[in-house]
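Trainee: This is the structure, below, for whatever I ask next.
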Amino acid sequence: MVGYQGFNPYFGATVGRAANRIGLGQFKCLNEIIQVVWEHFVDGNKLILSYHSADLEEGYPGDLVVHTIFELTDSNEFLVEFKATTTKPTYVNLTNHSYFNLAGHNAGAAELYKHVVCINADQITDVDEDSIPTGKLLPVADTVFDLRVPKILGDLINKVPKSTGFDHNFCITKGPEQGTTFVARVYHPESGRVLEVYSNQPGVQFYTSNYFPENAKSKETLTGKDGWSNCNDYAGRILRKHYEVPYFLPNTSENIALNWIFMGGPGQGAHMHIDKNGDGYIDLKELRDALDACGFKIPGFKARALEDEFNNSNRARIPGKMTLEEFQKLCSDLKANEVASTFKMAVTKRENLQHLGGTSEASNEGTTHSVRVEEQLAFSDWVNSNLAHDPDLKNLLPIDPEGKLLYDKVKNGILLCKIINHSCPDTIDERAINKKNLTLYTKLENLTLALSSSQAIGCNVINIDAHNLSKGTPHLVLGLLWQIIRIGLFNQITLEHCPGLTTLLSEDEKIEDLMKLSPEAILLRWVNYHLERAGVSRRINNFQSDITDSEVYSHLLRQIAPQEAEVNTDALMERDLHERAEIMLQQAAKLKCRAFVTPQDVVNGVYKLNLAFVANLFNNHPGLNETNGVLEGYETVEETREERTYRNWINSMGVSPHVNWLYSDLADGIVVFQLYDIIKPNIVNWNKVHRKFTNPRKKFMEKLENCNYAIELGREIRFSLVGIAGQDINEGNVTLTLALIWQLMRAYTLTVLSQLAESGNPIVEKEIVQWVNNKLNSAGKNSSIRSFQDSSIADAKVVIDLIDAIKPGAINYDLLKIGGTEEDNLANAKYAISMSRKAGARVYALPEDIAEVKPKMVMTVFACLMALDYTPTMDSRRQ
C-alpha cells in the first residue's frame, strides 16, 4: 500500500452497468426484452438514433432529447448531424469519436503527414500540465498553431511544443453573420478527399492520435502516428467539437452538425484554392479565379454574368458570397458529365431550405437549387396584401398561406406583370397583357412581356426565359420576384419622394454625398438617426446580426409612429427572442407595416427580408422633417430620365457592384470595364486593372489609372471621346460620363444586332433606317421614316406598324389613339413599348423617348426590333 500511496495511482473509471458486450443494444431480463438507451429507425438513406435523458439523470438538469443522424447520400457524402433540445439550462457536449485517414484504406501513417490542414481560429485554449484549461486564450499568430492558412501536417506535427503532436482546442473565429460557421478543413492532395467541419460552437479540438503506440510490424517509425496493432491501416486524426460554454437555453434546439466532404477523382486539389480566406464561402468577385482553378476557362464578362445571376436569383444566403455546395452545383451546370465524376462535395444542409431538382434549361439532371421557405412565405404574403383587390387577379389570389402555390400562380404571366407595375407604375401598358381565353402561346407572351419589362427597370434576367417561368421554376421565380420587389421598395428612397433625407447628412456633407449612398446605406443611417433621437445609445451596422434581438426595431417603431398609433416597447420586457419578435411585429401591425418578416426571420437575421421590412417602414413612416422650400442644389443631382434609363441598362447587364448613382459608381472604372468585356470579349487586359483599393494612399491614383485605361479602350474601339479624359470619369463629370455611357449602350446594341444579322461588318444607323422602311413596305404598311429624328415617329404608329410587320396580327389597332395630341401620342408610345417587349424585343427606351422623338433612344428601339426580326432564324438554327 505504501507504494500505491506514494505514486498517487490512477485506478480507472467504473464501467457499467454491463462491463462486457451486449448485442443489438438489448438484453433479456426476466423474460422481457429490454432495449437499451437509443431508439433507432431508418428514414430512406438516413439512420436516426434518438435518446431521452430524463431530468436529473446522472445529475444533469432538464429533460434532454438527443438525435444523432447518419446519412449516406447519392453524391458519395457521409453526413453526421447532432440535434438536442432541453427544457432547462444544462450541459451537453456531443461529438463523434471516429478517426479518418483521407488517403484511404491501407494508406498508412506516411500519407497522414501529407494532409493539408486549415483551421479557422486565431486563438487556442491554454492548458496546464494535465491538459486542463487554465482559462487563458493564446494567440496563434507566428506559432505552429497558426493554421488559418492551409499547411502540410507533416511540416508541423513534430514542432508542437511539449507534445508529440496536436491535441488542442482551437477557438473559432466568428464572422459577422450568426449561425453555422466554417471551422476546419483537412485535405489529402493525392486522393482529393476533403474533411470539413461547420459549427455554431466556439471551439474545435484537433487531435492527431499522438499516443497511439508504434506498430512493431510496420517499417514506418512516425512517432505516435503509426496506430496500434492492426490499426495501422487507419491511422488518422480527429476534429472534435469543444465548447467554451456548453449549455443550451430552455426551449431551444441547437444543430451541431459535423460535415465530412469527400471529393474523389483527379484535379481535386483545386478545392484548396477556391476558398481563399478559409471562411467556407467563395467571394463572388473571385468566382472566375475559382472556376479557373477547377479547369473552367471562361471570359470575364461571362463570369460576371454568372456572379450577378447567382446574387439575384434568390440563392445567395449572404450577399456577394457562394457556399462550396453552391459552387459545386454551378460547376455541374457548366460541365455536368465531366464534373459529376470528378468534383463532388457537400456542406451541411441548412434548415428552411427546400432542395429542388434541376428544372431550368440550364440545369442538368441531378443538380439541385435551394429555395428559402421564408422568402416564399414573405413574397406570397406581400402579393396577397398589395394585389388582392385587382379584379384581373381574382382567380389567382389569394395565394395559400404557405406560399406553395406561388409558382403556379405566375405561370400565365399576369401576376408578374401586375407586380412589376406595382413596383414601377406604368412600366407595362395594361392593354398589352393577355387576360382572357389564355393559351400556352398567349401565356408565354405575357411572361416574355414581364421578363423584358423587368430587364428595362434594372433586373438581371440572364439565364431566365419565359419557358422557365411557365414551368414555375422556384429559384428563378423567387429570384425575379425579389429583384422586382426590391426595386419598388428602393425607388422611394430618393430625395424626390422624401426631401427629408437631407436630415441624414452630416455637417460636412452635401446632397451629392447622399446620392452616392446605396439604399441599404441610407436605411442604416435612417435607423441610427431615429435611435439617436430616441435617446438610445445602440447603433447598427447591418440588417442581420444587429437586429436579431428586436431591440433596435422596438425603439425604431416607437420613434417613427404617430402618437395615436399607441406603439410601445413592451417587447423588450420579454426574454425569449422569438416571443419578443412577435410582440414587436404586433407593434409594426399598428402602423400597417407588418410585412416580409416573421418572428423567426427576425431572430435568424434573414438579410433580404429584414432589409425589405425596414425599407417598407421607411416608405410608410420616414419620420423625417420636411425641408421647406427648394433644396439648394437639388435640381443638379436629381436623377433624370436619361440617367435612370442608362442605370437600369447597366444593371441589367449583370455588372457588379450594383449601380445606384452613375457618377460615383462608375468612378473607379470597374463597371465600365465589365461593359467593355460584354461588348467585345477579351478586349480588357484585366492585369492592368486595379480591382481592389485597399491602400488609402494609393486609392485615388489607382482609380484614376483605371479611368485612363477605360478611355484608352474606348478610343481603341473608335468611340468619339474628344475632350474626355479619365479624370472626367473619375470626378463624375455629368456631361462627359453620359457621353461615354451612351456610346457603350449604342455599341452594345449594334454589336448584338450585327451578331444576329451575321453581316460580318458592324451595322450602322443608316442600315437600320433602310431595314425599317423595307420591312414596313414588305408588310404593306404605309408608314416610313427618314431618320431617327423624323417628327412622324412622335405618335408611335410607325413603331406599332413595325411590330405588326414582324409579328403579323400582334397589334390591336382598335386600341390606338388617333387624336394626335401629346397625351394621345404618349398613350400610343406606351402601347408601342409594351408590345415591343411582349414580342421579345429588349427595349430600354421609355415611352417619352418616342413621344418626344429623342433620336438616340429612338435608334435603340428600332435596333432592338431589327434584332428581334433576326432572332427566329437563330432559334431555328439552334434547333
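For all residues, glycine too, the Cβ spot is worked out from N, Cα and C.
So TrEMBL lists the following for this protein:
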DOMAIN    273-297  domain 'EF-hand'
DOMAIN    373-489  domain 'Calponin-homology (CH)'
DOMAIN    517-622  domain 'Calponin-homology (CH)'
DOMAIN    640-749  domain 'Calponin-homology (CH)'
DOMAIN    762-870  domain 'Calponin-homology (CH)'
Trainee: Could you tell me how many residues in the domain 'Calponin-homology (CH)' (373-489) are helical, how many are strand and how many are coil under DSSP?
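Mentor: Per DSSP, the residues of the domain 'Calponin-homology (CH)' (373-489) fall into 73 helix, 0 strand, 44 coil.
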Trainee: What is the average pLDDT across the domain 'Calponin-homology (CH)' (373-489)?
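Mentor: Looking only at the domain 'Calponin-homology (CH)' (373-489), pLDDT averages out to 94.
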Trainee: For the domain 'Calponin-homology (CH)' (517-622), name the stretch out of 373-489, 640-749, 762-870 with the most CB-CB pairs under 8 Å.
Mentor: 373-489
Trainee: In the domain 'Calponin-homology (CH)' (762-870), how many residues does DSSP put in helix, strand and coil?
Mentor: 71 helix, 0 strand, 38 coil
